[in-house]
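Student: Would you mind keeping the following structure in view while I ask a few things?
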Amino acid sequence: MSARAPKRRGSTGRWARIGVHVVVVAIIVVWFVPTIGLFVSSLRPQAEAASSGWWMAFVRPIYTAQNYELALDQLQTASSLATSLAIAVPTTALVMFFSVLGSYALVRMRFAGRTALSLILVALLVTPPQITLVPLLRLYYMAGLSGTLPGIWLYQTGFTVPFGVFLLRGFIASIPEELYESAHLDGASELRIFRSIVLPLARPILASLGILAFLWSWNDLLIPLLFLGGSPLAPAITVNLSGLAAQTAQGRGPLMAATFLSVVVPLILVISMQRHFVRGILGGAVKG
């Protein structure tokens, strides 16, 4: 009986690994099949797309680039993508900058009101941003920020930094105290310690925060819709697509092409930085 026990445990472990692989493959299929369907639909002629499902493109492979030409020339897709980039890139940079500074200050520095500031950040973390829209719209109008990109940067940064501080604070607190003491013995200032020790160690988690901040900003519909209303700038890609979805004059093909173009940028970002993303999320879970 004792000789059979290891064999039984090995068989159980093998079936467990097979089950994990099946679940992973199922998750990949659920996530990527809609994206593949979107891409295939964007390449199909209007008549083919209207008469059959996108999977029939593999049976009757008829493709065209006309949908992308219409999306770029007539649907403001290129200018909308530029507007979304002009919103998401500065917002991401500001979130990373203020989050790492704030988390370092809360962990390493002793100052009056530190506990109160931590409580305020937690309160902002659980506060729905929508409840602040009306007073902030009035404030923006009086300050001349209504209909401007800096207004959106300020809003999105203000409601994303609390999460960034929460994510980075645990990681910075987990850095061994001996590193700080050695740096102080060598005569390093707080700025030098921050620049030479904390920032290099925090690169993976900063990359994770940057990815999340970029995705949240890029996918945001409500704030660009309200804060850029009446602006001479092209609408953000999410606002543009929501308007196109209510129209039927252009057909589904150009809308699918514009939608796929809006997915390409964040998809490339996530795929290219997935290793840093996983390492950063795991690092943020460490408690000192």
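Cβ atoms here come from the backbone N, Cα and C positions, even for glycine.
Curation does not apply to TrEMBL; its annotations are automatic.
Annotation source TrEMBL lists transmembrane segment at 20-40, 85-107, 119-141, 153-172, 193-216, 222-243, 255-273. Marked as domain 'ABC transmembrane type-1' by TrEMBL: 81-273.
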Student: Counting CB pairs under 8 Å, which listed stretch among 20-40, 85-107, 119-141, 193-216, 255-273 touches the transmembrane segment (153-172) the most?
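Tutor: Comparing 20-40, 85-107, 119-141, 193-216, 255-273 against the transmembrane segment (153-172), the winner is 85-107.
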Student: Residues sitting near the transmembrane segment (20-40): Cβ under 8 Å, six or more positions beyond its termini, same chain?
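Tutor: Answer is 54-55, 57-58, 256, 259-260, 263, 267.
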